[in-house]
């Protein structure tokens, strides 16, 4: 595997980029965005061609993993064309998608055909009423049918992501894990990240650490720590009698900054060097000043490594320092 040209001032190589191709979503999950969310003007969102060019630029600089996220990426018109463009880049050996699952019934097979290797599906509850409460607009049965379609479509791997909140869905953690493991899917439980101002709940009240959750799950599963990583921040535990694993993403209790290998591009073309900092570079301005040219983009990406911070500064007890919502950042 080629070494990345993208090396920050702390010696970390960036080999993974997350592209948020839209800030729009057909859900309004309470931890992700406001119910009356104002979205970007469409002219401010990068075109699919601009995202494809960014993918090529990152690949030429040694990135080997691209994850497409949103908002909900699959509601973007003609997004399959972007996956086809990214899937055609030989040096990208891991093309992934994060989705809420609402469009997978019709798009799972086209995604596999376009070259997508792995997908993560967000699923925080198996209770229909609670699903409506958490997502505001979502339909649980549609998502479950989408997951079934994905399981039959031929992806190399399907993983579930669950954000756990103490008074919303903590009591379902074991059921969610069982649902995933019995179907051969890994599941990652995520500590809620303090991005954007929300009014539906208090993050510090709802917080449960990964260690607390793992101890609770140990009542239902015999868990053994593994050294397995998939290029992301999950720490995985093997559940006895299952081939799949349970992971924990712990930005508060066990941050993953020292091994950070990723950057993000927002729907509006901001290169975010850190999930929990506002350090960024305006790639849209460069893309539109030099349409179709890859070298100015590569130069900007290399130069941006100098401002990638050592770590994030998440603090549940303070007002959020990052005012952009998760749908703007790329979940």
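Each residue, glycine too, has its Cβ placed from N, Cα and C.
Here the structure is a predicted model, which means the values were calculated and not measured.
According to Swiss-Prot, the features are:
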BINDING   18, 67, 98, 159, 262, 263, 264  GTP binding site
BINDING   25, 29, 32  [4Fe-4S] cluster 1 binding site
BINDING   31, 71, 122, 193  S-adenosyl-L-methionine binding site
BINDING   257, 260, 274  [4Fe-4S] cluster 2 binding site
DOMAIN    9-233  domain 'Radical SAM core'
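Between the CA atoms of residue 257 ([4Fe-4S] cluster 2 binding site) and residue 122 (S-adenosyl-L-methionine binding site) there is a gap of 23 Å, rounded to the nearest whole number. You'll find the Cα of residue 67 (GTP binding site) roughly 14 Å from the Cα of residue 122 (S-adenosyl-L-methionine binding site). Residue 29 ([4Fe-4S] cluster 1 binding site): 20 other CB atoms within 10 A of its CB, across all protein chains. Around residue 31 (S-adenosyl-L-methionine binding site), taking its Cβ as the centre, 23 other Cβ atoms fall within 10 Å, counting all chains.
Between the binding-site residues 25, 32, 257, 260, 274, the minimum number of other C-beta atoms within 10 Å of a residue's C-beta occurs at 257.
Closest in space to residue 32 ([4Fe-4S] cluster 1 binding site), of the binding-site residues given as 18, 98, 260, 263, is 98, taking the CA atom of each residue.
Comparing Cα positions, residue 122 (S-adenosyl-L-methionine binding site) lies closest to 159 out of the binding-site residues 159, 260, 262, 274. Residue 274 ([4Fe-4S] cluster 2 binding site) sits 19 Å from residue 31 (S-adenosyl-L-methionine binding site), counting Cα to Cα.
Among the binding-site residues 25, 29, 71, 260, the residue whose Cα lies closest in space to that of residue 98 (GTP binding site) is 71. Residue 257 ([4Fe-4S] cluster 2 binding site) falls within a helical segment according to DSSP.
If you take the Cα of residue 262 (GTP binding site) and the Cα of residue 25 ([4Fe-4S] cluster 1 binding site), they are about 23 angstrom apart, rounded to a whole number. Spanning the listed GTP site, residues 18, 67, 98, 159, 262, 263, 264 have a farthest Cα to Cα distance of 21 Å. Looking only at the domain 'Radical SAM core' (9-233), the predicted model's pLDDT averages out at 93. Closest to residue 263 (GTP binding site) by Cα-Cα distance, out of the binding-site residues 25, 31, 71, is 71. In the three-state DSSP scheme, residue 71 (S-adenosyl-L-methionine binding site) is classed as coil.
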